[in-house]
Amino acid sequence: MKLNLGVAFCSFCLVGHTSRDIGIPKTCSLVKEFSTYFLLSKSPSHSFHKRQSYSCNPQRSFGIRRYVDNISTSRGFSWRMNTQQDHSHSYDYDLIVVGAGSGGVRAARIAGTHGAKVAVIEKAALGGTCVNVGCIPKKLFVYSSHFSHDFEDSKAYGWDVEVKNFQWKRLVENKDKEIHRLNGVYEKLLTNAGVNIIRGHAYLCDAHTVQVNERRYTCQYLLIAAGSWPTIPDIPGKEHAITSNECFYLEKLPEKIIIVGGGYIAVEFAGIFHSLGVSVTQLYRGPLFLRGFDEDVREFLAHQMKLDGIDLRFQVNITRIDKQSDGTLVCTLTDGNVVRGDKVMFATGRHPRLEDLGIENTGVHLGNKNEILVDEYSKTNIDNIYAIGDITNRIQLTPVAIAEGHCFADTIFGNNPRRPSHENVPTAVFSNPCIGTVGLTEEEAREKYDDLIDIYKTSFRPLKHTLTLREEKTFYKLIVHRETRKVIGAHLVSPEAAELAQLLGVCMKAGATKEHFDATIGVHPTSAEELVTMRVKEPEKSTKNRNAL
């Protein structure tokens, strides 16, 4: 009886509506598959993953449901097919994504191409931190900052370049144009995948309900991809400070800036502002910045930055900020000294963006840093709620969030269970010079393999600066597991380090050994050829001896 009713209904809706558009054979095929899907969707024990074992194609089924929804709307029917795990509810969407950053957009787009009915909620510009106040505008500023050295170096190569001045306003305006273009690209990617973009602030009412602008939307699956936000320490005068967010929109370039922090954001902006002609003082509370990176790399970059003229101070912090009548900011330091500047920028970490999200209404568990706790498939302790990106506090990198989002969509909607790999993730710090790194640091490798490692490293003046006589040097380091001979760590400091790290990541994912590197012919003359010509190991030293140095 159910089958007859299902076929009759399908025939009535589909034949009348589709015979003109897609032809009778296609219509018959849809009727057959739809009727199968109709029965499966009414089964009390039926779930999405169980559906996949039947002959009815789940990706096709999502498409059929969307098509029938359109028919229902056009013909005035209020009936909707219920394809959810909990059949006591009829959800508005198969998936709602909170946050349209790179990870959220990727997840929504891929889920949409798999046939799911998807909505993404975002109150700000599409693209999240990376596109608007992160990776992209930061890299554009880095490009701009490099020209100061390039103009100077060109003299050694016979060029007489007259540089009149630097137009900060022009850089910001051109940056804004590019970001606006990318916002449009993201919108097009979503709409082309059939994703509904809902503008406004998302508030989670429960595990299946999200409120936006006084309206509530329900979903079977909820993906939280709200990202992170800069943290400013609670000190007197903190209201006078800015973060990297505001640096992208400064009305004018400051003459002197004080940057507080030792992570990649602080290091990158110190190089950007210094190369654009700003007097930079960078403060870090620890003995050496870039905690978590290889110690040799940290020491080498600190030396290079000091040679370049950056006032780099360790084991010191700001206790208060006082604004003077002329607008100058006076910073009192923990060592008793005072520094003055036009701007004070804090790059002292980021926190998961949970404010006013309503996460407490969902039952989702949080960690010690208020990060959302997830398993290897990005699932929380609540079966239908997942989280990706910075809000999970795993690896705070855009490509990682994108990979997590793609894996989520393939797992839930694509019948292809996948989990993102957080091992051997290449990354870069766009300092001056740049850092590129992948794999274990020497400290991590010694702890993991009990000193059964070989170290190869070199530092040299690149060919370019044999004419400029600039003191900038290049540093390369390979860490090799002594028994397997696999390269388990690669760390570079050079202008091309980021590009090299990408390909080194491929090599290490493939399990390349030191012998593979040695057997590779170098490209001459390049700095990178040193990666395949390093033959002399560093003298052995145990962790105990190293820590005693």
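Yeah, the Cβs are placed from backbone N, Cα and C, and that goes for glycine too.
Just so you know, TrEMBL annotations never went through curation; they're auto-generated.
Remember, it's a predicted structure, so these values are computed and weren't measured experimentally.
Under 8 Å, Cβ to Cβ, and six or more positions away along its own chain, His524 (active site, proton acceptor) finds no residue. Annotated active site, proton acceptor per TrEMBL: His524, in sequence order.
Cβ neighbours of Lys139 (FAD binding site) (same chain, under 8 Å, six or more residues apart in sequence): Phe430. For Lys139, Asp390, the entry in TrEMBL reads FAD binding site.
What TrEMBL records for Gly261, Gly262, Gly263, Tyr264, Ile265, Ala266, Val267, Glu268, Gly349 is NAD(+) binding site. A sphere of 10 angstroms centred on the C-beta of Gly263 (NAD(+) binding site) encloses 19 other C-beta atoms.
Annotated disulfide bond per TrEMBL: Cys130-Cys135, in sequence order. Taking the Cβ of Cys130 (disulfide bond) as reference, residues of its chain lying under 8 Å away and at least six apart in sequence are, in sequence order, Gly101, Ser102, Ile136, Thr398.
The domain 'FAD/NAD(P)-binding' annotation in TrEMBL covers 93-405.
Per-residue pLDDT, averaged along the domain 'Pyridine nucleotide-disulphide oxidoreductase dimerisation' (425-534), amounts to 97 for this model. Taken from TrEMBL, the feature domain 'Pyridine nucleotide-disulphide oxidoreductase dimerisation' covers 425-534.
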So of all those binding-site residues, Gly261, Ile265, Val267, Gly349, which one's Cα sits nearest to Cys135 (disulfide bond)?
Ile265
Could you give the Cα-Cα distance between Val267 (NAD(+) binding site) and Asp390 (FAD binding site), in whole Å?
20
By a 10 A CB contact count over all chains shown, which of the recorded positions listed here is most packed: Cys135, Ile265, Val267?
Val267
Integer Å distance between the CA atoms belonging to Asp390 (FAD binding site) and Gly349 (NAD(+) binding site):
12
For the NAD(+) site given as Gly261, Gly262, Gly263, Tyr264, Ile265, Ala266, Val267, Glu268, Gly349, which other residues of the same chain have their Cβ within 8 Å of the site's Cβ centre?
Phe269, Phe289, Leu290, Ala347
Check each residue in the chain of Gly261 (NAD(+) binding site) that is at least six apart in sequence and keep those whose C-beta is under 8 Å from its C-beta; list them in sequence order.
Gln282, Leu283, Tyr284, Phe346, Ala347, Thr348, Gly349
Secondary structure composition of the domain 'Pyridine nucleotide-disulphide oxidoreductase dimerisation' (425-534) [DSSP: H/G/I, E/B, coil]:
36 helix, 33 strand, 41 coil
